[in-house]
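Trainee: Encoded as structure tokens, here's the structure I'll be asking about.
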Amino acid sequence: MAFAVIRACSRVGRGGLYKRLGGLPRGTRRQRQRRQGASLSTTEQRSLAPRPPTGPPARYPSPAVPARASEARRHPAADLDPPPGEPQAVASRGTPEPRPPPESPGAQPPPGPAAADGAMAAAKPGELMGISSSYQAVMPHFVCLADEFPQPVRPAKLPKGKGRLRRPRQSRFKTQPVTFDEIQEVEEEGVSPMEEEKAKKSFLQSLECLRRSTQSLSLQREPLGSCKLRNSLDSSDSDSAL
């Protein structure tokens, strides 16, 4: 025990476990770090401050510049909604159209009922398909495709009963069971003599196949029963020595 204490003291030394590192004390080190941080913050503020312009003064655009430049800088999605005075097809193409000169209010008569009916008929195919007018303006080719290739109308479902179309029995899997409705239909329709002969022949063939299979199985059992098996498959003999 004394030897272990002496060895530990020799490892630790005279100064103990916590030796002081050489250099400046802690207080001066912290002060120096604070001063460095303050100097860095002042330099960053100076670098971020705006500098006065030294070059030639910037040229401002003259008012005579057309408004197309500002329109081109707009987001492309802004062209989806056309202005109120511009037609939708022109707005979707993006080509400017010269607007008609403003006329006096009394020069053009108000639209009659025939014009209103024509406008409603033009807007009907799109509305019937569930396409809004803005969709027609953005994607007119889809509306044209729908006009060229109309969707087929689904036939109305017939009520269950004699009016229902019965699928042919030959196209069905043989393993699928026959329903009672089909049996009743056959009984009501009646069977021709040729079909009855075919049904009798198929029934006799199936009976003959069944008789042959049972006969072959009985013939196989006889030699198996006559000879004695050396290794029994019974679970009670599994522990016995062979």
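Using the three backbone atoms N, Cα and C, a Cβ is placed for every residue, glycine included.
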Trainee: Look up SER104, SER192 in Swiss-Prot and give me whichever carries the note phosphoserine.
Mentor: SER192
Trainee: Quickly, which of SER213, SER218, SER232 does Swiss-Prot have down as phosphoserine? Just give the residue.
Mentor: SER232
Trainee: Considering the residues SER39, SER92, SER226, SER238, which is the one that Swiss-Prot annotates as phosphoserine?
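Mentor: Record lookup in Swiss-Prot returns phosphoserine for SER238.
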Trainee: May I ask you to name which of SER10, SER133, SER206 Swiss-Prot has annotated as phosphoserine?
Mentor: SER206
Trainee: Measure the Cβ-based neighbour count of SER206 (phosphoserine), defined as the other Cβ atoms within 10 Å of its Cβ.
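Mentor: Step by step: centre on the Cβ of SER206 (phosphoserine), count other Cβ atoms within 10 Å, giving 10.
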Trainee: Taking 10 A as the limit, how many CB atoms besides its own sit near the CB of SER216 (phosphoserine)?
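Mentor: Cβ-Cβ neighbours of SER216 (phosphoserine) within 10 Å number 10.
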Trainee: Using DSSP, would you call SER216 (phosphoserine) helix, strand or coil?
Mentor: helix
Trainee: Determine, from DSSP, whether SER206 (phosphoserine) sits in helix, strand or coil.
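Mentor: Its secondary structure by DSSP: helix.
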